[in-house]
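First the structure, in the form of structure tokens, and then the observations on it.
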Amino acid sequence: MKTYLVGGSVRDEILGLPVTDHDYVVVGVSPEEMVHLGFRPVGKDFPVFLHPQSQEQYALARTERKVSRGYKGFEVYASPEVTLQEDLARRDLTINAIAKDEYGNIIDPFGGIADLEAGVLRHIGPAFTEDPVRVLRTARFAARFGFHIAPETLALMNEMVHNGEVDALVSERVWQEIARGLMERHPSRMFYALRDCGALTRIMPEVDALFGVPQPPQHHPEIDTGVHVMMVIDYAASRNYSLQVRFAALTHDLGKGTTPPEEWPRHIGHEARSVRLVQGLCERINPPNEMRNLALLVARYHGDVHRAAELRPVTIANLLQGVDAYRKPERFEEFLQACACDFHGRPGYATRPYPQADRLREAFQAARSVDAGAIAKEMARNVSDPSRLPVAINTRVSETRIAEIRNRLGSLA
């Protein structure tokens, strides 16, 4: 029985990155022997065990054989006869097929260290094409490490797209990889990689459609809407914003991809079109509701936020009500963050001030200082017709909030 540290933990250690999870492969032992040694079996699709003390995962060396389409279409074979090299050969990229034994010796049969040093993402062999998730994973690693994809690997990814393998991915896996990619340091690199191999138009055609669509150069020096959106998500990443903010940043301008070319570079009404496209995208890839809800709000209202200095107090009050700021103040802050990312995601705008967000924060603080409960009690004493009471309360609360917003913003002028 021999135990090896494998995969991402070895890779990250070589790169000098923090190692949080340890994955082990065990060679020369049966499942029964693992149980006898005190390991607890937890694997559903292949033999994986938890160490009796550390609770870390130990997997028996295995091989895999493609038997049907999709990422689950594999037949797994695990036995004491499977070698370490055979186990490493089933992995996706050379940088993920490095092992270390208990004495610290490195086993690198596929040149992963050389590719780490060169900053290259390279597939191990033709079996790479058997798992469509590898298209997304490879693109995500490009975002994580800033590595470039080897031309021959990119060609295989393109082949997988054209063969329809990517179309077999279930929504849960697509969202899982997109979410992880958005949380990398440079998420745009994932989407550029997906576009390079043709996968973006299959997975997120709404985003792919943004590339090549011009915007007014006086507002968008980058001109290309797709490039703008990539700058927006990278800015969100540079600020360490949440996944909700990053997803909203990715989807806020989807409607510009449907603007008729004869109307370019203007995009009148793109906010409403963006809302419909965000709804369709979310129905397809099924992100959590908090992602969907924030993305819809940003798509609908980001133009209003950019014009905050021009908005009347009543319009600001309606905006606060529309984004449900009073009941969800934390989400309102994320809403403003996403709108700020849209502003900063342009050449030369990263360090410019964005007073619109602060203006709306001030307006919100003024509006939320209104005691709606006290107003309700007062109105209950003064309104004789109970059927008119709800409308009367809402009207008085709204009028008071508008007055507070007017006073607060007037004092800032």
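Each residue, glycine too, has its Cβ placed from N, Cα and C.
Cβ-based neighbour count (10 Å, all protein chains) for ARG140 (CTP binding site) stands at 23. The CTP binding site annotation in Swiss-Prot covers GLY8, ARG11, ARG91, ARG137, ARG140 and rests on sequence analysis.
Here Swiss-Prot flags GLY8, ARG11, ARG91, ARG137, ARG140 as ATP binding site. Around the Cβ of ARG91 (CTP binding site), 22 further Cβ atoms fall within 10 Å across all displayed protein chains.
The secondary structure of ASP23 (Mg(2+) binding site), as reduced to three states from DSSP, is extended strand. Positions annotated as Mg(2+) binding site by Swiss-Prot, on the basis of sequence analysis: ASP21, ASP23.
Annotation comment: Swiss-Prot describes 225-326 as domain 'HD'.
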### Task
Would you mind listing, in sequence order, the residues at least six apart from GLY8 (CTP binding site) in the same chain with a Cβ closer than 8 Å to its Cβ?
ASP21, ASP23, ASN96
